[in-house]
Amino acid sequence: MAYRHLGAAFCLLAFTCSLLPASSEGLVRIRLKKRQLDIQSINAAKIARMEGRYGKGVKDMHHSLGDSDADIVSLKNYLDAQYYGEIGIGSPPQKFTVIFDTGSSNLWVPSSKCYFSIACLLHHKYKASKSSTYSKDGKSCAIHYGTGSVSGFLSQDNVEVGDLVIKDQLFIEATREGSLTFVIAKFDGIFGLGFQEISVGNVVPPWYNMVEQGLVNDEVFSFWLNRDQDATEGGELVFGGVDPKHFKGKHTYVPVTEKGYWQFEMEDFIIGNHSTGFCAGGCAAIVDSGTSLLAGPTSIVTEVNHAIGAEGVVSLECKEVVSQYGDLIWDLLVSGVLPSKVCSEIGLCMSGGAQYESSYIKTVVEKEEENTEEVSSRDSAMCTACELAVVWVQNQLKQKGTKEAVLDYVNQLCEDIPSPMGESVIDCDSISNMPNVTFTIGSKAFNLTPEQYILKTGEGVAAVCLSGFIALDVPPPRGPLWILGDVFMGVYHTVFDYGNLQLGFAEAA
């Protein structure tokens, strides 16, 4: 990517909110408005967590509104993705802003015993001595994110969300916050909405206790994000039901395939009218309210960004692999060698792939041990580039292209590999000529138009446009993994059905 573009003042619309009077609807309602952000902060926090942690309908749930008392919690949006609002912990309640995050499962806030982290000095801290309902636990624990970690100890107290009070909730008092992300964050902590399976310390998540203690009518929560930049109301997060005003038609429901993240199986990913072929055997995907964009494997995101003309970092290793080994990759695939074995046959990878040390490295180590680190890094990059090239050539073989045309196409893709931070910029004038992209979920096509997957700010010469696709290679056994963040959730109203272990998607109203 040309970094000069990212140096521009790229401001995204984010949500702030107003506290509205409670009504009698039997759920917790979170309403959003909008304000401005800059891209520097986006780069600091974008999907940082992922490397370190990651059927039947509900009768449309129109009945879930209007049964009993409702609470409205003031909620803001950090980085156009991470939704944070005020909660209270203790008696009397000590106020904190927390992210409501479907990609994690613990509740944590800074502790008054956090002395040496700058982030703690800049945020509200929990003081156990000031709460009459505090109970000591003391077990040490830590959460490791992609860009840092949080560590501390467990405590137990009442947690207030709107007018609801979760009794005896275990949470983490953070005594160390090891990341610049937390220093610049607008929020104090995180309120996890994922499953207990990924909860650090196997702590019961607050959402589980909301259900167990009968604080919500239905075992569901739902997100509606208003992507209309001119609208006053930015969106709404509803605990305990679904507001029919938030969507059109009916939801398509798919089962949760693995508890932890809100994970399901995606059947295909299509660029324009052509399937990428990546999901031939099904793709694991999650819906994550804590991720701003659409994250996917580098090989496929590169194809997307090439198709839309996004500008990424030129990979010399990728081009070198195509130049030196392109013919051999083609011949091996045509002869029936399994794609997973091609790079090891060539000698660029061990049989296990990029994560393993190649025989070439071992030979060099024996001869020249002092150069091990440099050669290992080089060889690993070549192995990764080879594996990307194999994916692309294999997909093009299905299109029955000629060897020359396919290798030329793969060479072009090398130029569109996303930058190290994953983002890619595009020419704003080309949006009207870009293809739609389609996610096939539950045998139904969920389309995104260029206007929906491109983030644009400014007008005229000041306009800057960012691809909504970023590369993220989640390793096995969790990955490969697609992450559908707010770019997708803004177009499709999403129901997180805990009671029936399913997810529902419908066109947002």
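A Cβ is built for glycine as well, from the same backbone N, Cα and C atoms used for every other residue.
Annotations in TrEMBL come from automatic prediction, not curation.
According to TrEMBL, the feature signal peptide maps to 1-26.
Residues annotated as domain 'Peptidase A1' in TrEMBL: 83-506.
Residues annotated as active site in TrEMBL: D101 (among others).
Its own atom aside, the Cβ of C114 (disulfide bond) has 22 Cβ atoms within 10 angstroms in the protein chains shown. Per TrEMBL, the feature disulfide bond maps to C114-C120.
Residues or ranges marked as active site by TrEMBL: D288 (among others).
Per DSSP, the secondary structure of the domain 'Saposin B-type' (313-353) breaks down as 27 helix, 2 strand, 12 coil. For 313-353 (among others), the entry in TrEMBL reads domain 'Saposin B-type'.
Per DSSP, the secondary structure of the domain 'Saposin B-type' (379-420) breaks down as 31 helix, 0 strand, 11 coil. Per TrEMBL, the feature domain 'Saposin B-type' maps to 379-420 (among others).
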Within-chain partners of the domain 'Saposin B-type' (313-353) [C-beta distance under 8 Å, separation at least 6 from its ends]:
1, 359-360, 379, 381-391, 393-394, 397, 403, 406-407, 410-411, 413-415, 417-420
Packing count at D101 (active site) (other Cβ atoms within 10 Å of its Cβ):
23
Measuring Cα to Cα, how far is D288 (active site) from D101 (active site) in Å?
7
So of C120, D288, which of the recorded positions has the fewest other Cβ atoms within 10 Å around its own Cβ?
C120
Restricting to the domain 'Saposin B-type' (379-420), report the mean pLDDT as a whole number.
86
